[in-house]
């Protein structure tokens, strides 16, 4: 008895690969030919396997909640129409049907109270899968059957054969056509070489013959054109960029190596700057603790004195209330004014709000569909099948309505009545008490109705606001009218200046000046004092000019000399002595610090303070007032004018002043080793070299500083003017192009003008030549006509003779 092969069953990995390769070769229409490669599958099964599992457009991810809700609603609207439902959801029909049955089975388990985590659609041992085309492929066994190996080798051979009978026939026809064309071409060439032209017979084509005509051809207008751009320029091939590493791009290993190198450098810099964080990072701690910043709290709103006053008032009200209770006064006025404020009002239970109970809409819809599926015939009558309340809100995703938070309504002296603290109140809603919530602050005990409940108030309506103001004003007026008449009249009379003093005292008592303002005012006072003190100092100190580090007292002349000093010499000695005293005072109180040692320690200055103090004790320094200094300055100015007139000194020009200054400055030399100035003619060669080296170093420092400053300014100007520069370059290029066009147009204009002149001069000559040629041709034609007539006559004569 022959072996009967029943096609079908579980798909294997080898069969899936053969099916995909066959679809790539034969397409999605020749399923019989594709099935001939698979001995155990039919054409229908191959087609189902492709469209239900192997197609790359099939979605195989987990079902989302929105897709499940959409599936249940569409199944309710279009039952059993899975081919229509599938493209709406984005799944296959088999997937939709399978998941729908899965949801129904899950709902049935829920009704039967069988809470199991297993899939209800899972096959039990011994069951056969009715739809193997929608399941993943089974791995291939290590030892295949002979039939499977034969099928695999046959499929490999057939799929690898791309030259079938039809392909060979097409190739042969193509070769014959090419040989026929070459033979005809060779024949035409040989005939053309023999002097015989054969016109090629072309079949008349409908439409445009693209081999003979140029479609959409636009012939250029007659004239002269620039053909410089049409010249072919050979490309300068850069063979360095055609290397393999340039074509392949940067390798991943090279990029990772560069990144690792950057990380090492970054870690090295981090170790130098921030060692603790680098240690934490290298030890494997990814999230190390940050440095805690200093806690900055706002200033207290209530001072200690005010707090003590509140405590005293509370104690006084408590004593008054106890006195009223002991005396037996229990009227409404006393109970209202003297209310209890010690015990916290716990009218609202301290309960944590529980999570609102939510319902599983997918489970409800599945239960409804299962109940509608199992409903009895309506001929029996009775009640309808009980269903859960549902709607079509699950077709689209649900969005939560967000209310705008209102910080104005969350003030500490207002308790909202609708339980929505900090949200915009909705008009027209019923106020609800705050239930099942833990209060966020101490509830207000407002026995005097100072803060009335206004949760229902609509403050956006101006008419309502005006009405509330009018009612409160009327209520206040009625309350004031109800007050008892005063028993005693008092009149307080203030003195005339008491109001101003009272206002000033109130301002001084209430206003507390800020610490920053106090510091700023003190700093301004100190700056003013410093400026005033600086004005009383010497001009050299005020302008921070270089001053000598040592005082040369040998410039003074001895008093007991022969011959004795004159009055002018004595005056000069007094001036020198005062100058030496001023130098000692400045070196003691205002030592000079060179610009290079501003931040560091001053070297060689201020070390002889004891010497200066001793000298100033014997020769005290006298300070003068501002008026005395002004008088002395006026006297000096007058003396300078007298000397200028007496010496006939005119106005000195800047060139002459600079020349004199350069000559004087060239005679002075600074010795860096001794930190002093001396005359150039008294210095040695070594001192001159050291001085010049110091000057060169200073000049280089100035050059470096100015270069850095210039670089910063250049960078800043480049940022500011970069756009303008690029715009200017673009405009300059456009301007140059326009000038070139103008010159070219001018050159063409001159060329055409010259051409017109030549043509105007040549046209008459051409006309004369043409007229002569025509006249000559006419005469020749007449001669030929006469000759033709003679020949005809001679012909007739000969005919008549013979």
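Each residue, glycine too, has its Cβ placed from N, Cα and C.
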From the set 227, 282, 373, 751, which residue is assigned the annotation phosphothreonine by Swiss-Prot? 227
Per Swiss-Prot, the candidate from 355, 377 carrying the annotation phosphothreonine: 377
Same-chain residues at least 6 apart in sequence with Cβ under 8 Å of the Cβ of residue 303 (phosphoserine), in sequence order, are none
Cα-Cα, whole number of Å: residue 487 (SUMO2 cross-link) versus residue 135 (SUMO2 cross-link)? 104
Measure from the CA atom of residue 135 (SUMO2 cross-link) to the CA atom of residue 377 (phosphothreonine) and give the result in Å, rounded to a whole number. 37
Would you please pick out, from the modified residues 377, 385, the one with the fewest other Cβ atoms within 10 Å of its Cβ? 377
Return only the integer: C-alpha distance in Å from residue 135 (SUMO2 cross-link) to residue 219 (SUMO2 cross-link). 67
Which one of the recorded sites (135, 219, 487) has its C-beta surrounded by the most other C-beta atoms within 10 angstroms? 135
Using DSSP, what's the helix, strand and coil tally for the domain 'HTH myb-type 1' (1-56)? 31 helix, 1 strand, 24 coil
For the DNA-binding region (82-104), report the average pLDDT of the model, please. 93
